[in-house]
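> Before we start, here is the structure in question, set down as structure tokens.
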Amino acid sequence: MGFEGDEESSSPQISTKSPFRYNSPLVQVLLIGLVCFCCPGMFNALSGMGGGGQLDSTVADNALTALYTTFAIFGIIGGGVYNILGPRFTLFAGCSTYVLYAGSFLYYNHYKDQTFAIIAGAILGVGAGFLWAGEGAIMTSYPPPGRKGTYISIFWSIFNMGGVIGGLIPFVLNYHRTTASSVNDGTYIGFMCFMSIGTLTSLAILPPSRVVRDDGSPCTNIKYSNVSVEFVEILKLFLNWKMLLIVPAAWSSNFFYTYQFNNVNGVLFNLRTRGFNNVFYWGAQMVGSIGIGYILDFSFKSRRTRGLFGVSLVALLGTGIWAGGLANQLRYSRNKVLDKLDFRESGSDFVGPFFLYFCFGLLDAMFQSMVYWVIGALADDSETLSRYSGFYKGVQSAGAAVAWQVDNHHVSFMHQLVVNWSLTTLSYPLLWALVFLAVNDDVHDEKKLIDETPKEVNSSIIT
């Protein structure tokens, strides 16, 4: 039995009429969105500056390699940890490691020793594995089946608002430092403050057995697991054909960050403009997640048809955006460095690369929201989906660990672009096949769930 399993016996009884009650799926999704706004949202803003805000990207590349190496392991087992400990302990432990990581770059600003940053990166990989497995379980199991795309887009918008605000921090604090090579101390301190708030907010997340949908049904019937059961179930994932079809999408979904952050934003723009660009990169993620979420929930009556259409649309847009990336990459290389672009002083030369970076953010959100929707359509219980989400994040992180070292070994920008484009392209037909073979229509049940007006069951329900 897990640490949070006995809470429901002493829970108060409340009505299910309001979607904004504390134990509703909507409120819990809003809370996990706020947690991710403060922790991985700020981490994304820090990484998006290129080199972690440093002139030399070596320390960030090595720290992120350590991070994603441990993340690959603990992302996969994170679902099991979530099923044993429940959300509060799992999320709190995960969030606290983000503060340490930001602090390690503050330390590096003064002592130029990357040892602390690498150790902090490895520790963050453990914590991120816990956090994202818990987030995946909540995002894919708490919402009603016919609204998973909508809830994912709500979460993704809040989460990426963290990247928008996080982009403003280095932009504002370094606005007048047009020739500076590294961000100032206040930038890292600002990130640490937000991450600390997110860590405390994680304690407000309810265990899944206490979350009740608006029709009065519990979101999941999970009973907390034990180590031996989770060990066996996690091993089974590597033989699960559904998970094997997701591997290319999972591997590629963080692999392209290295190229986009270091070799587009970090290479083409000066320090203050990198912060400016990140505001729009993460803002584009909000737009992309809302758009794909609407399509995946409302475009067709059949859930399978919506999924097939969503994958096809992302594939079409992805092809166009990476083609634009190719056109941009032909202008420069590691041996042909262009003058740094500034959003105020570079005029029309700034527009094209800026718009490409904006489109990269748009595609990232649509791609990952689409994959989360597919995972959420494979099951409806928190226990199974926490393992699926953990597997996805583990493979994703293994890809990211490789990508950061690829850049650290000075592989050409063009080769990195081609590999990124190829990996994402490979994933589309496999996701299409997964949706076709494994996603049930359940049109009647979804329509009944969506159209049903909120009501009380026996006038009250255990929260």
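Residue numbers in this text run from 1 along the chain shown.
From the backbone N, Cα and C atoms, a Cβ is placed for every residue, glycine too.
TrEMBL feature annotations, pasted as is:
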type     : residues : note
TRANSMEM : 26-43    : transmembrane segment
TRANSMEM : 63-82    : transmembrane segment
TRANSMEM : 89-108   : transmembrane segment
TRANSMEM : 114-133  : transmembrane segment
TRANSMEM : 154-175  : transmembrane segment
TRANSMEM : 187-206  : transmembrane segment
TRANSMEM : 241-259  : transmembrane segment
TRANSMEM : 279-296  : transmembrane segment
TRANSMEM : 308-330  : transmembrane segment
TRANSMEM : 350-378  : transmembrane segment
TRANSMEM : 418-439  : transmembrane segment
> Go through the chain and flag residues at least 6 beyond the ends of the transmembrane segment (154-175) whose CB is under 8 A from any CB in it; none is fine as an answer.
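Contacts of the transmembrane segment (154-175) (Cβ under 8 Å, skipping residues fewer than 6 from its ends): 26, 29-30, 32-34, 36-42, 44-46, 48-49, 53, 135, 139, 183-184, 186-187, 190-191, 194, 271-272, 274-283, 285-286, 289-290, 293, 365, 368-369.
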> For the transmembrane segment (308-330), I need the partner stretch with the highest count of C-beta pairs below 8 angstroms, choosing only from 63-82, 114-133, 350-378, 418-439.
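Most Cβ pairs under 8 Å with the transmembrane segment (308-330) come from 350-378.
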> With contact taken as 3 or more Cβ pairs under 8 angstroms (pairs 6 or more apart in sequence), are the transmembrane segment (89-108) and the transmembrane segment (241-259) in contact?
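They are not in contact.
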> Under 8 Å between C-beta atoms and at least six residues away from its ends: which parts of the chain pack against the transmembrane segment (114-133)?
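Sequence-remote neighbours of the transmembrane segment (114-133) are 35-36, 39-40, 43, 52, 58-60, 62-79, 81-82, 90-91, 93-98, 100-101, 103-105, 107-108, 386, 389-390, 393-394, 397.
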> Report, as numbers and ranges, which residues of the same chain sit near the transmembrane segment (241-259): CB under 8 Å and 6 or more residues beyond its ends.
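For the transmembrane segment (241-259), the far contacts come to 47, 61, 64, 68, 360, 364, 367-368, 371, 374-375, 378, 388, 391-393, 395-400, 402-404, 406-407, 413, 416-417, 419-420, 423-424, 426-427, 430-431, 433-434, 438.
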> List, by number or range, the same-chain residues at least 6 past the transmembrane segment (418-439) whose CB is under 8 A from its CB atoms?
242, 245-246, 248-249, 251-252, 255-256, 259, 303-304, 307-308, 311-312, 314-315, 318-319, 322, 325-326, 367, 370-371, 374, 377-378, 399, 406
> So what's near the transmembrane segment (350-378) in sequence-distant terms, Cβ-Cβ under 8 Å and 6+ beyond its ends?
136, 139-141, 143, 145, 148-149, 152-153, 156, 160, 242, 246, 249-250, 253, 256, 260, 264-265, 268-269, 273, 277, 280-289, 291-293, 296, 303, 307, 310-311, 313-314, 317-318, 321, 324-325, 328, 341-343, 384-385, 388-389, 392, 424, 431, 434-435, 438-440
